[in-house]
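> Can you keep this structure in mind? I'll have questions shortly.
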Amino acid sequence: MVKLAAKCILAGDPAVGKTALVQMFRSDGTHFQKNYTLTTGVDLVVKTVPVLDTNDSVELFIFDSAGKELFSEMLDKLWENPNVLCLVYDVTNEQSFISCTKWLEKVRSQTSGISLPGVLVGTKTDLAGRQTVDSAQAQVWALSQGLEFFETSVKEMDNYEAPFHCLAKQFYQLYREKVDIFHTLV
């Protein structure tokens, strides 16, 4: 049984639902807070995620940071050498989707040229009548950036775990590839 540890950056504009998503995931769906205050610094959420079809797991260290601090020195330090990325936008806020390009560039600038597995998550799908970001367009963009695509409603407890299970699986697959390469060298 292998237990890996991965640094996960949670990025996106303010008020897109990053904190709600990660808090729901941390509590296994038992905690949905109706009123959130904007994150002003960084919260660290740690949760062990089993890797499907194995006896192994990945402990995700999820850095939930304030969305308004796009170019702060604090983020530069905290975001050094991430292992996986969870990029979040609000399906009812087109600007939050457009901003994903800037967030992705910011996070990738911290990776020293290595491939960074990740997911793009559209939140607040329970507000479908107000949706301004086309799901197909978001999925095409995500795939063009090498990201898996998910939509979720934390309020409705819909699909909030899937992005994190995907991140754990992506990180685990990178680990397995490195182990396989190592075995070919020995």
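Glycine residues also receive a Cβ, built from the backbone N, Cα and C atoms like all the rest.
OK, Swiss-Prot features for this one:
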type: BINDING; residues: 12-19, 64-68, 123-126; note: GTP binding site
> According to DSSP, folded down to helix, strand and coil, what is LYS18 (GTP binding site)?
helix
> Can you tell which of the binding-site residues (SER65, THR125) has the fewest other C-beta atoms within 10 angstroms of its C-beta?
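Comparing Cβ neighbour counts within 10 Å for the binding-site residues SER65, THR125 gives THR125.
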> Between GLY12, ALA15, LYS18, which of the binding-site residues has its C-beta surrounded by the fewest other C-beta atoms within 10 Å?
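So among GLY12, ALA15, LYS18, the binding-site residues given, the one with the fewest Cβ atoms within 10 Å is ALA15.
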> Which of the three DSSP-derived classes (helix, strand, coil) applies to SER65 (GTP binding site)?
strand
